[in-house]
Amino acid sequence: MGSNLSPQLCLMPFILGLLSGGVTTTPWPLAQPQESCSLEGVEIKGGSFRLLQEGQALEYVCPSGFYPYPVQTRTCRSTGSWSTLKTQVQKTVRKAECRAIHCPRPHDFENGEYWPRSPYYNVSDEISFHCYDGYTLRGSANRTCQVNGRWSGQTAICDNGAGYCSNPGIPIGTRKVGSQYRLEDSVTYHCSRGLTLRGSQRRTCQEGGSWSGTEPSCQDSFMYDTPQEVAEAFLSSLTETIEGVDAEDGHGPGEQQKRKIVLDPSGSMNIYLVLDGSDSIGASNFTGAKKCLVNLIEKVASYGVKPRYGLVTYATHPKIWVKVSDPDSSNADWVTKQLNEINYEDHKLKSGTNTKKALQAVYSMMSWPDDIPPEGWNRTRHVIILMTDGLHNMGGDPITVIDEIRDLLYIGKDRKNPREDYLDVYVFGVGPLVNQVNINALASKKDNEQHVFKVKDMENLEDVFYQMIDESQSLSLCGMVWEHRKGTDYHKQPWQAKISVIRPSKGHESCMGAVVSEYFVLTAAHCFTVDDKEHSIKVSVGGEKRDLEIEVVLFHPNYNINGKKAAGIPEFYDYDVALIKLKNKLKYGQTIRPICLPCTEGTTRALRLPPTTTCQQQKEELLPAQDIKALFVSEEEKKLTRKEVYIKNGDKKGSCERDAQYAPGYDKVKDISEVVTPRFLCTGGVSPYADPNTCRGDSGGPLIVHKRSRFIQVGVISWGVVDVCKNQKRQKQVPAHARDFHINLFQVLPWLKEKLQDEDLGFL
């Protein structure tokens, strides 16, 4: 009955820009009706194959550490036969086989030696580099052959500093022509036959001592970027030091500063999302990419920034779904709604691949009416994410649009102030059919940065963007979770605390709580008695086995479970809240993070409300007078699961509260308001849906509203009408009057504000 409410998060906020370069890309032939191909004889020795594009292509799959030889993919030709198995030197092979992956040897290494020397290197082999006297080593002195056929670390370079520019090096597997590094000197790189060059083939020594373009590498068809490689390279590119920052930014030409992408809420950035919806992409990849973009928008918004969005899908023709000039283009919820409504079938009737027209659609959004630039145009960063396989088959070379864009934005015209940091593109190719030449041509090329990535499948793309999220600056943000499919229970509920109170000769009490700050856990007061000692209270967070030391338990002063015994009410749970103060400060991480509390600045940001938002306005947003979807976290079979419930805060509120009379000991209460005070929220019952109920061990845990990808606690689980978890098993069939009651945090805010005043929560 538990519900995983948060969508899979694929993407993090990152800067994406338009394309740069001038390389002619390779078109993909238009699809023609063709015969189906027989699968007889297509097997691969030591591996398997899977069909792609409804049987019109196949991919060979080998175990880890092996690659398909001589090709990774084959296509079904119009003659009804599969494409021939040919090696890199065009020799025909009769049968495909899985061969062990090797890493290439250095073709050349200048001004030094490497050891050991070998024609090739096996996975896990190491190689060491040493420089001659008078030369200094840059990069990695020791490198290891990895399972994907690439070397670990960075290119080793021996340099004596004699050139105007430093030696650009020879990446392993490439060949370099040119050994002079004076101003405006150039070097060129080449790959062996059958390998594809990624990065810049030609690099020129520029003013300031930097090289144009980006470091090249030689790629085999079976090579993919691992999620970790992509994440590290991407994050590195965002913070790379650059020169020639726009003087209007307060930095003179040649002055260095960190390349930081600033998502300014005032709207100094336009993010264009361009998604290939052609036949070669396929419906499943299109849907997966769309989900990733939805989560990108959500993630950017969760950090409190509001760039303007443009949204384009394309096949034979582009479709502009959102323009940056639309009034709501900076409204993340509205843009997400438009994206969710896009279907792969929207391009079904004309399903070619016209990347050039898609970029022209972006250009049209960037250009100005009557060619008159608006004020501040030169301070706006234009950004894009392009998800494609690079197989354009109509419309011409998309690179030709780039010159127009660069001219429009005055990019690269002033050598002292090239404004290159206002124009970037990161191209993500997904799957085995990606055209590496084309996606490389479409990506920006900047020194010490990587902008083009090839990942194995959509699942790997998810991994990429999870790993891109730099948690270090956001761990203290409340109500955020790591919703990765590989995440543990505490990645998905990082605020959840387990509480145990040991009472000699009386057994123990189990409860839940929520981390609300680095020193405090919020829970229910009834979990403790006045006789409990701090050393008998055990608290654990983040799934850790160690218990945290307790300094003190703070009860709400109005809590008194025996307060109405004289009136025949055996237990009275009004103000059933307590704060556990820890002796030592919690160290936030992916599995330990605070939940949001009402009427705090953090919740205002989480809900994307104006800074002037009042506590009452937060209450109206979180607890409107209606049925409110919420959740609590329960432990079942040692696993934390989310249970979706509805807070009855509208016309069902009265009937929900009246069912309290069915609770043991309350059957003789004449006025139910004697036990259900205004401090309670009510869940449970069968309308509008059959709500799951809490169990005894859930007491003290948070009642949560999940909104805009953030989790805000609105209540503390207190008591229930029916024990639905007898014999440690949750009953599936429960009576309609099975209700649960929770302390409404809006009703105990003065106490929370007083006790948490030193926790920097910014109470309103």
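All positions are counted from 1 along the displayed chain.
Keep in mind that glycine also has a Cβ here, set from the backbone N, Cα and C atoms.
For 1-25, the entry in Swiss-Prot reads signal peptide.
Across all of the domain 'Sushi 1' (35-100), the predicted model scores a mean pLDDT of 90. Per Swiss-Prot, the feature domain 'Sushi 1' maps to 35-100.
Summarising the environment of Cys37 (disulfide bond), the number of other Cβ atoms within 10 Å of its Cβ, over all protein chains shown, is 21. Mapped onto three states, the DSSP output places Cys37 (disulfide bond) in coil. Summarising the annotation, Swiss-Prot assigns disulfide bond to Cys37-Cys76 (among others).
Annotated disulfide bond per Swiss-Prot: Cys62-Cys98 (among others), in sequence order. All protein chains considered, the CB of Cys98 (disulfide bond) has 19 other CB atoms within 10 Å.
As annotated by Swiss-Prot, domain 'Sushi 2' applies to 101-160, with the evidence given as sequence analysis. Helix, strand and coil counts from DSSP across the domain 'Sushi 2' (101-160) read 0 helix, 25 strand, 35 coil.
As annotated by Swiss-Prot, disulfide bond applies to Cys103-Cys145 (among others), with the evidence given as sequence analysis.
Cβ neighbour count for Cys158 (disulfide bond): 21 (other Cβ atoms within 10 Å of its Cβ, all protein chains included). Marked as disulfide bond by Swiss-Prot: Cys131-Cys158 (among others).
For 163-220, the entry in Swiss-Prot reads domain 'Sushi 3'.
Around Cys205 (disulfide bond), the same-chain residues six or more apart in sequence whose CB sits under 8 Å from its CB are Gly163, Tyr164, Cys165, Tyr181, Arg182, Leu183, Glu184, Asp185, Ser186, Trp211, listed in sequence order. According to Swiss-Prot, the feature disulfide bond maps to Cys165-Cys205 (among others).
In sequence order, Gly173, Thr174, Arg175, Leu197, Cys218 are the residues of the chain that are 6 or more apart from Cys191 (disulfide bond) and have a CB within less than 8 Å of its CB. Under the three-state DSSP scheme, Cys191 (disulfide bond) falls in the strand class. The feature disulfide bond is assigned by Swiss-Prot to Cys191-Cys218 (among others).
Taken from Swiss-Prot, the feature domain 'VWFA' covers 270-469, and the record attributes it to sequence analysis.
Residues or ranges marked as Mg(2+) binding site in Swiss-Prot (evidence: similarity to another entry): Ser278, Ser280, Thr353. Under the three-state DSSP scheme, Thr353 (Mg(2+) binding site) falls in the coil class.
The feature domain 'Peptidase S1' is assigned by Swiss-Prot to 477-757.
For Cys478-Cys596 (among others), the entry in Swiss-Prot reads disulfide bond. Cβ neighbours within 10 Å of Cys478 (disulfide bond), excluding its own Cβ and spanning all shown chains: 24.
In three-state terms derived from DSSP, Cys527 (disulfide bond) belongs to a helical segment. Annotation comment: Swiss-Prot describes Cys511-Cys527 (among others) as disulfide bond, evidence class sequence analysis.
In the three-state DSSP assignment, the secondary structure recorded for Cys615 (disulfide bond) is helix. Shown in sequence order, Pro598, Cys599, Phe746, Leu749, Leu764 are the residues of the chain, 6+ apart in sequence, with a C-beta less than 8 angstroms from the C-beta of Cys615 (disulfide bond). What Swiss-Prot records for Cys599-Cys615 (among others) is disulfide bond, and it gives similarity to another entry as the kind of evidence.
Cβ neighbour count for Cys131 (disulfide bond): 20 (other Cβ atoms within 10 Å of its Cβ, all protein chains included).
In terms of C-beta pairs under 8 Å, the stretch of 35-100, 270-469, 477-757 lying closest in packing to the domain 'Sushi 3' (163-220) is 270-469. Comparing 35-100, 101-160, 477-757 for CB pairs under 8 angstroms to the domain 'VWFA' (270-469), the maximum falls on 477-757. Nearest by CA distance to Cys131 (disulfide bond), out of the recorded positions Cys76, Ser280, Cys596, is Ser280.
Reported as a whole number, the C-alpha separation between Cys145 (disulfide bond) and Ser280 (Mg(2+) binding site) equals 33 Å. Among the recorded positions listed here, namely Cys62, Ser278, Cys527, Cys695, Ser278 has its C-alpha nearest to that of Cys76 (disulfide bond). With every protein chain in view, the residue among the disulfide-bonded residues Cys218, Cys656 whose Cβ has the most Cβ partners within 10 Å turns out to be Cys656.
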